[in-house]
Amino acid sequence: MQKQHNVVAGVDMGATHIRFCLRTAEGETLHCEKKRTAEVIAPGLVSGIGEMIDEQLRRFNARCHGLVMGFPALVSKDKRTIISTPNLPLTAADLYDLADKLENTLNCPVEFSRDVNLQLSWDVVENRLTQQLVLAAYLGTGMGFAVWMNGAPWTGAHGVAGELGHIPLGDMTQHCACGNPGCLETNCSGMALRRWYEQQPRNYPLRDLFVHAENAPFVQSLLENAARAIATSINLFDPDAVILGGGVMDMPAFPRETLVAMTQKYLRRPLPHQVVRFIAASSSDFNGAQGAAILAHQRFLPQFCAKAP
């Protein structure tokens, strides 16, 4: 008879794909999978997520002790309420009492997280930084940012800390997708890069932008804006390390060393300038889902293990 596994689940929900991970009580990854979001939620969000997880629990003869699910969204301090998900094909009805509905379906506790905290959790564990103060800047579609403090993602008084992309250091003639004027993401994000790229015909694909146009004034301005924002966060938090990643930084020929040098120019001397470390984030389809599973393991399996005979 196949041994039953005690596991937790991590889900990273994006607009295009849902990534899913099972992690055992021993802290090992049991299974990772990627599916198209539209296909998973076609029968309904709760039914689709429930069936996706239950299918793998049956396959591996596993019992799930908890789920952490990440969204590109604002998540309340209670870790059960989704405040805003502008980039997901979900309605208010889909999100209403979602944690309770998933718990009833899966018969295990459920918590939500902002997706950037999932990536942070993976990067911190992978780089053995769990006992340190760590900042992470993920330059992708937007400007993602997260803080690791006291052994966990720091989310602030109301659960929405870390919105570096929405500090008012952007283009004051533009309104951000969040509704506010002049957010950093208006001129420092993948969205801003795409707008610039599409202003006129280019003889190279967007993904090769840094190969051909690193020295273009707009691109240099974007790097400068990113450096100032990251340096500001370092001067405020005095971290041990800063993780740099995201889809834009993963593009070919992205000038990572230039960005670090620009950032260091604005750091307070002698500290934190002399001691802060810059670490490249790993790039994988499943980092977010594995980060969610790590958080679930920390949150739910210690309780189970304490009760186990």
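Glycine is treated like the rest: Cβ placed from N, Cα and C.
Computed from a predicted structure; not experimentally measured.
Features of the protein shown, as given by Swiss-Prot:
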type	residues	note
BINDING	10-17, 142-149	ATP binding site
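Summary: among the binding-site residues (G10, G14, G142, G144), the fewest other C-beta atoms within 10 A of the C-beta are counted at G14. DSSP gives W148 (ATP binding site) a strand state. Within 10 Å of the C-beta of A146 (ATP binding site) there are 26 other C-beta atoms, taking all protein chains into account. For D12 (ATP binding site), applying a Cβ distance below 8 Å and a minimum sequence separation of six or more within one chain yields I18, R19, F20, M69, G70, D115, L118, F286, G288, A289, G291, A292. Sorted by the number of other CB atoms within 10 A, the binding-site residues T16, W148 start with T16, the lowest.
Mapped onto three states, the DSSP output places G10 (ATP binding site) in strand.
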